[in-house]
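Listed in Swiss-Prot for this protein:
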| type | residues | note |
| --- | --- | --- |
| BINDING | C144, C147, C197, C200 | Zn(2+) 1 binding site |
| BINDING | C161, C164, C183, C186 | Zn(2+) 2 binding site |
| DOMAIN | 5-70 | domain 'J' |
| REPEAT | 144-151 | repeat 'CXXCXGXG motif' |
| REPEAT | 161-168 | repeat 'CXXCXGXG motif' |
| REPEAT | 183-190 | repeat 'CXXCXGXG motif' |
| REPEAT | 197-204 | repeat 'CXXCXGXG motif' |
| ZN_FING | 131-209 | zinc finger |
Amino acid sequence: MAKRDYYEILGVERSADEREIKKAYKRLAMKFHPDRNPDNPESEEKFKEAKEAYEILSDAQKRAAYDKFGHAGVDPNQAGPGGFGGGADFGDVFGDIFGDIFGGGRRSQRAARGSDLRYNMELTLEEAVRGVSKEIKVPTLVECDECHGSGARTGTSAQTCPTCHGSGQVQMRQGFFAVTQACPHCHGKGKIITDPCRKCHGDGRVQKTKTLSVKIPAGVDTGDRIRLAGEGEAGEFGAPAGDLYVQVHVKEHPIFVRDGNNLYCEIPISFTTAALGGEVAVPTLDGRVMLKIPVETQTGRMFRLRGKGVRSLRSGAEGDLLCKAVVETPVKLSDEQKELLKQLEDSLNGSGVKTHKPKADGFFEGVKRFFDDLTG
């Protein structure tokens, strides 16, 4: 299948300057980015197509080769005039072969992409479970609004480096071998700024604290990262910006412990409710619900409230809330209450029914068997 024309992909004229090309690419990248169009193969393909077109047309040498030879001039799998891929001489060929050994092949030096940034965001459990929008402030480097990222004073432009002719690299030949290194004149940039911008001092970028609104999806957990494409540091001299990664950390909750999509909590139960049964109020993230406690409930028994956990960020399935019963021993008893408990104990012990204390009776019977085995 034949490739589309790069200028047609970006929707610009063949005479478009760097700024117009960059603006067109940004518009398409925002429109078709995979993060904005999940599970949409067509958008992903258009995003890749626009990215490829921008990578060629934003590079002066590659653009010149494309304008002259079309796709064959920039596709390494297609040979250009002379059979060496775009009319390369033997110096180019040997430089590509041996240059990797001595510091990189002879390639066009592109302006560096902006650095990625990380922002640590702390959320409450409720925010993580339900989702939330947060406004954050991020100190970063942004494109200079006076020179529009060129680094040159308004009305002027950067000049092609006379030493490396815009490649950003020079070759030092030692017999058969060619060693490639960064151009010492332009420091690998390929361009010289003779009249730098007064605001950014030739860097093309300035320090600024950006205010961003971040939408946190429901179901995130500690360790999850949210990528904001193009919100990192601005690239050098019009190169693409880096990305911003929001690192999520969920604070400890006073009641609930999260494990995956399930929540866990302990519910205190009076010893009378545990013995006779009843209902207790149980907290959930959606409000309180009443839980029926069966008779003879012991500490450690788990009760599952289905669908009261966390909705999965990926599958949408709802987790459960698991409640562990903790039978409370009454404290600060009056003399009358203590006497009543003693009467109850005497009644239980004198009934001859072992099932009144199943765990205690089982424990002491096990201890007796253990010592009988030792002495027998």
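The backbone N, Cα and C atoms fix where each Cβ goes, glycine too.
A gap of 22 Å separates the Cα atoms of C144 (Zn(2+) 1 binding site) and C161 (Zn(2+) 2 binding site). Of the ranges 144-151, 183-190, 197-204, the one with the most Cβ pairs under 8 Å to the repeat 'CXXCXGXG motif' (161-168) is 183-190. Those same-chain residues not listed among C144, C147, C197, C200 yet with C-beta within 8 angstroms of the centroid of the Zn(2+) 1 site C-beta atoms are D145, E146, H148, G149, S150, G151, A152, P196, R198, K199, H201, G202, D203, G204, R205, V206. In this structure, the CA atom of C164 (Zn(2+) 2 binding site) is 23 Å away from the CA atom of C197 (Zn(2+) 1 binding site). The separation of C186 (Zn(2+) 2 binding site) from C200 (Zn(2+) 1 binding site), Cα to Cα, is 18 Å. C161 (Zn(2+) 2 binding site) sits 19 Å from C147 (Zn(2+) 1 binding site), taking the C-alpha atoms as the reference points. Distance between Cα atoms for C186 (Zn(2+) 2 binding site) and C147 (Zn(2+) 1 binding site): 19 Å, as a whole number. For the pair C147 (Zn(2+) 1 binding site) and C183 (Zn(2+) 2 binding site), the Cα-Cα distance reads 24 Å. Helix, strand and coil residue tallies for the repeat 'CXXCXGXG motif' (183-190), in that order: 0 helix, 0 strand, 8 coil [DSSP].
The Cβ of C197 (Zn(2+) 1 binding site) has C144, E146, C147, S150, G151, A152, R153, T154, G204 as same-chain neighbours under 8 Å, each 6 or more residues away in sequence. Neighbour count (other Cβ atoms within 10 Å of the Cβ, all protein chains): 20 for C183 (Zn(2+) 2 binding site). Scoring each of the binding-site residues (C144, C147) by how many neighbouring Cβ atoms lie within 10 Å, the top position goes to C147. In three-state terms derived from DSSP, C144 (Zn(2+) 1 binding site) belongs to neither a helical nor a strand segment and is classed as coil.
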